[in-house]
Amino acid sequence: MAKSMTIALAGNPNSGKTTLFNALTGARHYVGNWPGVTVEKKEGKLTYKKHQFTAVDLPGTYSLSPYSIEEKIARNYIVNESPDVVVNIVDASNIERNLYLSMQLIELGKPVVIALNMMDVAERRGYKINHEKLSSLLGVPVVPIVATKKNGIDDLLDKVLDIINEKIIYEPKQVDYGKELEKKIEETIEMLKENPKASKYDLRWLALKVLEEDEEILDLLNLNTLNDEMAAAEEISLEDDIEALVADKKYNYITGILSKTVKKPTNYSLTTSDKIDKIVTNKWLGLPIFALIMYSVFYFTFDLVGNKFLDMIDIFFAETVSTWASNALETIGASEWLHSLIVDGIIGGVGGVLVFLPNIICLFLAISILEDSGYMARVAFIMDRAMRKIGLSGKAFIPMILGFGCNVPAIMGTRALEDEKDRLTAILVNPFMSCSARLPVYTLFAAAFFPKNEKIVVFSLYLLGIFVAIIMAFIFKKTLFKGETMPFVMELPPYKIPSIKGITVHVWERVKGFLIKAGTLIFGASMVLWFILGFNFSGPADLTESIGAYIGKIVAPIFAPLGFGNWAAALSLVTGILAKEVVVSNMSIIYGLAEDPSAAQFAVSLGQSFTQLTAYVFMVFVLLYTPCVGVIGVIKRETNSWKWTGFSILYQFVVAWLVAFLVFQIGTLFGF
Amino acid sequence: MERTLKDLRLKENGKIIKINGSGPVKRRLMDMGVVRGTEVYVEKKAPLGDPIEVKIKGYSLTLRKEDAEKIIIE
């Protein structure tokens, strides 16, 4: 058989699906997004007994109801793409709830093999599972595995092959939904037999979905008009709605099977996880511990490791690479402009953004450890009440905090939010959290203009950023993203020690994404900026005579109502879009100062065009306006939409202008 | 007066008899094992008082009080 076969991997979150996927495919996998949405799609190849397989990792879900994107993706993939076998990974230590998804998968009609994972954990907790009996009662192959130790993987693949080669007859048992409901199912199946669109699918499954009034299925079958009649028939004699009844019966069925196949431990003792939670989410200790962990993450990312490497990379690009490239270019006799483009434009620009790479790696390392250990779910638990006040879920808290470091990884961190509306809101307000690149601007301005109150001035800016983020989140949830969002009903998975391999894969996938996608955009933007700052329409020119200066003069009037309508400020802000800290170095260049001017020099030179008030207004503007290209790139990547990217660029500019205007007018009114 | 999951005290057990409401919240609750006849145990409250953590079907689930109010307990 030369044909490549497809295995779809389905299972609950925290069931070890990713571990199994990695164990199956090794490093040979490809990560992308599902078409049209930003849910991760992983695919990998494997060869077993000379057979070629493609493994597709479906999103982790608890169910296949049509309410969340992940669940729709998983369901539609199995129904429409018809994988040869669905491997359903089931957490043996949490078998009852995990089998609920299994029953739904089996109902889809495609062959299912159950991989009973974490048998070791289940046994340690005192569960005894008779997997052979389970298999015969379900009518589905069940293979015990321990994905972390790669135990049972071959058995699993053998069963998959047996099904494909028809060595096993696949005959799953059906859930008995009780007399009344079964009668309805029969009737609906009869009706569906006449529907030409239904022939492709498993009729019993379709009938169930029609009875549950699953909108997607009703649309698919053009059944909307028939619906009234059926709905009327439905109401008779059923004590609850059909959706609830179906769920009840499924769980009853599972409980029935488990009573014959699983021996539960007689006395429940506290698991290690419970003991940890007694302290970590404790009423009094929960918040202090959380604060301590957040502080450690920041200290680790920005102080301990990040900034050390930051200097190293900076020097590496500014000296080593630049010198090397200069020499190489001179040897081949490159012209002066090409030399400048490559050394100043590209190496300078891309290097300027890559200096944040160590921070990003550290941050992701920390986040991945928190996520894989199970602590992230507790953060959501602890912070939900506070976050709900602005209409977001507790899961949005970490990305917001991370924004103080760098908005790029912070925005990538919003992937933890399952709800698309929550996620967009969190992405759009994130840049208001003042990232570390904006700090150099505040420090210099505050030192120059507010020599006695530097700290208060800088602190007030951070607070203002949080305040604006809260207000905007609130507005978004009331306008653009109105309507019902996913409820906060969340599993608190048991704590576990993250595996080094899992963490490495996690971090690398995210960092790679940043390097490739954001990298190309930054590369392009660096070239454009190099051009507008070094040229005018007659050729190479000084900064003050460049197209950039020209643009600065054109846009300067926009800032006049804010009190700093001079072209130097305007141009610095334009260049600040490349990276926020550039605002300071460009101002220094324009005013003819050294690249690292002292606060006193800075105050003297800028004193002609700035007062205390306008300096503060300028800082407010730097805090709030259009994010840097790195962030723009990552917003594009994470929203998968130019529309939202453009929106983010524009609305932040408008918000910055309005707030700065307000501050200026109020300040003037009070005579500052 | 019907008793709801929200009314259960800490460390108290209850048996679910019905979930009120409809749509995504109800569906989500059922998908997570909150169905008729299931025992539920209130483990703790979050440090800020909401949400709560319950044990159900052998695992830990967290939900907000406003949603717990929809779950009728025997």
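Cβ atoms here come from the backbone N, Cα and C positions, even for glycine.
Look at TrEMBL and you will find A:4-166 tagged as domain 'FeoB-type G'.
Summarising the annotation, TrEMBL assigns GTP binding site to A:11-18, A:36-40, A:57-60, A:117-120, A:146-148. A:VAL37 (GTP binding site) carries neither a helix nor a strand DSSP state and counts as coil. Counting only residues at least six positions away in the same chain, the Cβ atoms of A:ILE69, A:ILE73, A:GLU420, A:ASN640 sit under 8 Å from the Cβ of A:VAL37 (GTP binding site).
The feature Mg(2+) 1 binding site is assigned by TrEMBL to A:ASN22. Less than 8 angstroms from the CB of A:ASN22 (Mg(2+) 1 binding site) sit A:HIS29, A:LYS501, A:GLY502, A:VAL505, each of them six or more residues away in the same chain.
The Mg(2+) 2 binding site feature in TrEMBL is assigned to A:ALA23, A:THR25, A:GLY26. In the three-state DSSP scheme, A:THR25 (Mg(2+) 2 binding site) falls into the helix class. Proximity of A:THR25 (Mg(2+) 2 binding site) to non-local residues of its own chain (separation of 6 or more, Cβ distance below 8 Å) is seen for A:GLY44, A:LYS45, A:LEU46, A:ALA55, given in sequence order.
Note on the transmembrane segment (A:284-302): residues 359, 362-363, 366-367, 370, 375, 379, 382-383, 401, 404-405, 436 of its chain, located 6 or more positions outside it, place their CB under 8 angstroms from a CB of the stretch. Sequence annotations record features per position, and here TrEMBL assigns transmembrane segment to A:284-302 (among others).
What TrEMBL records for A:346-370 (among others) is transmembrane segment.
Counting residues 6+ beyond its ends, the transmembrane segment (A:390-412) has Cβ neighbours under 8 Å at 294, 298, 301-302, 356, 359-360, 363-364, 367, 370, 376, 379-384, 418-419, 422, 425-427, 429-437, 462, 469-470, 473-474, 476-478, 485-486, 488, 510, 513-514, 518, 627, 630-631, 634-635, 638 in the same chain. Positions annotated as transmembrane segment by TrEMBL: A:390-412 (among others).
Annotation source TrEMBL lists transmembrane segment at A:424-449 (among others).
Annotated transmembrane segment per TrEMBL: A:456-476 (among others), in sequence order.
The annotation transmembrane segment is assigned in TrEMBL to A:514-533 (among others).
Sequence annotations record features per position, and here TrEMBL assigns transmembrane segment to A:554-579 (among others).
As annotated by TrEMBL, transmembrane segment applies to A:613-635 (among others).
For A:647-670 (among others), the entry in TrEMBL reads transmembrane segment. Outside the transmembrane segment (A:647-670), and at least 6 residues removed from its termini, the chain residues within Cβ reach (under 8 Å) are 427-428, 431-432, 464, 468, 472, 558, 561-563, 613-614, 616-618, 620-621, 623-627, 632, 635.
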Sparsest-packed among the binding-site residues, when each Cβ's other Cβ atoms within 10 Å are tallied, from A:GLY11, A:GLY26, A:PRO59: A:GLY26
Stretch with greatest number of CB pairs under 8 Å, the transmembrane segment (A:554-579) reference, A:346-370, A:424-449, A:456-476 candidates: A:346-370
Averaged pLDDT, computed only over the residues in the domain 'FeoB-type G' (A:4-166): 92
Long-range Cβ environment of A:ALA23 (Mg(2+) 2 binding site), under 8 Å and at least 6 residues apart: A:ALA147, A:LYS150, A:ILE153
Intrachain neighbours beyond the transmembrane segment (A:424-449), with Cβ under 8 angstroms and 6 or more residues off its ends: 302, 356, 359, 391-392, 396, 399-401, 403-407, 410-411, 414, 417, 457-458, 461-462, 465-466, 468-470, 472-473, 476-477, 480-481, 579-581, 583-584, 597, 599-600, 602-603, 606, 610, 612, 615-616, 618-619, 622-624, 627-628, 631, 635, 638-639, 644, 647-648, 651-652
Tertiary contacts of the transmembrane segment (A:456-476) (same chain, 6+ residues out, Cβ under 8 Å): 390-392, 400, 404, 424-426, 428-430, 432-434, 439, 442-443, 446, 450, 616, 619-620, 623-624, 655, 659
